[in-house]
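S.K.: Quick paste from TrEMBL:
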BINDING   158, 159, 160, 161, 208, 209, 210, 211, 212, 213, 214, 215, 216  GTP binding site
BINDING   292, 296, 298, 303  Zn(2+) binding site
DOMAIN    99-268  domain 'CP-type G'
DOMAIN    118-266  domain 'EngC GTPase'
REGION    1-35  region 'Disordered'
Ligand SMILES: Nc1nc2c(ncn2[C@@H]2O[C@H](COP(=O)(O)OP(=O)(O)OP(=O)(O)O)[C@@H](O)[C@H]2O)c(=O)[nH]1
Ligand SMILES: [Zn+2]
């Protein structure tokens with residue numbers, strides 16, 4: 001696994017597998033026991049917009065946090081001016097341990113591996129059934145990122161007025177994914193409700209290639225004043241999409257839950273992915289890896305999974321799907 005490319009600014013659940021373990025606790029925590037709890041809604045050039053109770057508070061990271069970055073979805077502790085009034089600035093003094101991380105590997109445009117969203121329960125992978133054509137490799141990459149980061153995937157297939165969902169669903173059947181099929185002209189007429197049913201009481205990060213109808217969908221799920229125009233203006237900062245690289249957390253309308261809109265992620269770099277984490281999403285195959293060589297990629301000749309499946313312990317289609325997912329790690333830029 002590649003670690004050297006890691007942004008020193010980032011921290012994550014994997015770099016401290018045992019939070020109460022050998023790492024000495026800092027003495028920061030007691031000092032800020034009275035810090036208010038908040039959630040990061042969006043980040044723009046070092047300014048973090050946080051929800052504190054029902055107020056929107058702009059904050060900066062306190063220097064004492066060092067290089068650790070807070071990202072959208074982070075639960076944080078804040079001190080200072082929490083009034084939320086214009087031109088006030090609070091300080092983030094604590095970042096709570098994350099339950100999940102949606103991350104992206106460094107690419108040509110950005111040399112750092114980044115956490116895009118923290119603490120999301122779910123990754124909604126938005127794919128148009130046509131216009132633009134579905135790109136299964138991109139879906140596979142998003143699935144790997146979800147499994148690696150501890151998010152449950154949800155396949156959202158849009159533009160069903162243009163093409164049937166069945167062929168694509170067939171490809172993903174062995175993975176047993178939850179999915180929902182939508183079309184723009186039905187969103188106001190029960191379609192949004194069907195999507196909402198999958199989002200209730202959860203935090204869902206939405207990813208999708210440009211043009212798939214993600215904005216159309218997100219707008220149908222959040223309150224009108226939060227709407228983004230197609231083509232993209234950040235509802236909190238009011239700036240266009242090209243000036244912000246941050247995700248944006250929006251409250252789900254009509255139910256509890258958060259929709260986290262992510263900026264056009266063109267591809268998921270997956271160089272950071274650890275196969276042993278991906279396989280956790282395949283509980284039926286996990287036992288079969290006992291006979292694997294150390295640090296098995298599960299995609300090599302000595303992998304014990306072939307014999308395990310040949311012996312009838314699991315469905316060959318499941319192993320095939322796992323291998324297809326592991327394989328996309330080697331096709332960067334798809
Ligand atoms: N036929 C059809 N068109 C749709 C549907 N949903 C959205 N569209 C259209 O597809 C185009 C792209 O939709 P957007 O919602 O802007 O897509 P996006 O994924 O946010 O794309 P970017 O804004 O480029 O990131 C728009 O012209 C929409 O009106 C649908 O269900 N069916
Ligand atoms: Zn193996």
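Keep in mind that glycine also has a Cβ here, set from the backbone N, Cα and C atoms.
Describe the structural surroundings of these features, if you would.
M.R.: Of all Cβ atoms in the shown protein chains, 18 besides its own fall within 10 Å of the Cβ of residue 160 (GTP binding site).
Within 10 Å of the Cβ of residue 298 (Zn(2+) binding site) there are 21 other Cβ atoms, across all protein chains.
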S.K.: When neighbour density is defined as the number of other C-beta atoms within 10 angstroms of a residue's C-beta, which of the binding-site residues 210, 216 has the lowest density?
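M.R.: Relative to the other binding-site residues in 210, 216, 210 has the fewest Cβ atoms within 10 Å.
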S.K.: With DSSP, how much of the domain 'EngC GTPase' (118-266) is helix, how much strand and how much coil, in residues?
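M.R.: Summed over the domain 'EngC GTPase' (118-266), the classes give 51 helix, 37 strand, 61 coil.
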S.K.: Looking only at 158, 159, 160, 161, 208, 209, 210, 211, 212, 213, 214, 215, 216, the residues listed as binding GTP, what is the longest Cα to Cα distance in Å?
M.R.: 19
S.K.: Looking only at C-alpha atoms, tell me how far residue 160 (GTP binding site) is from residue 298 (Zn(2+) binding site), rounded to the nearest Å.
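M.R.: Given the Cα positions, residue 160 (GTP binding site) is 36 Å from residue 298 (Zn(2+) binding site).
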S.K.: Check the binding-site residues 212, 292, 296, 303 for other C-beta atoms within 10 angstroms of each C-beta and report the one with the most.
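M.R.: Compared across 212, 292, 296, 303, the most Cβ atoms within 10 Å surround 212.
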S.K.: If you measure residue 208 (GTP binding site) to residue 298 (Zn(2+) binding site) at Cα, how many Å is it?
M.R.: 28
S.K.: In Å, rounded, how far does the Cα of residue 158 (GTP binding site) sit from the Cα of residue 296 (Zn(2+) binding site)?
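M.R.: Answer for this pair: 37 Å between alpha carbons.
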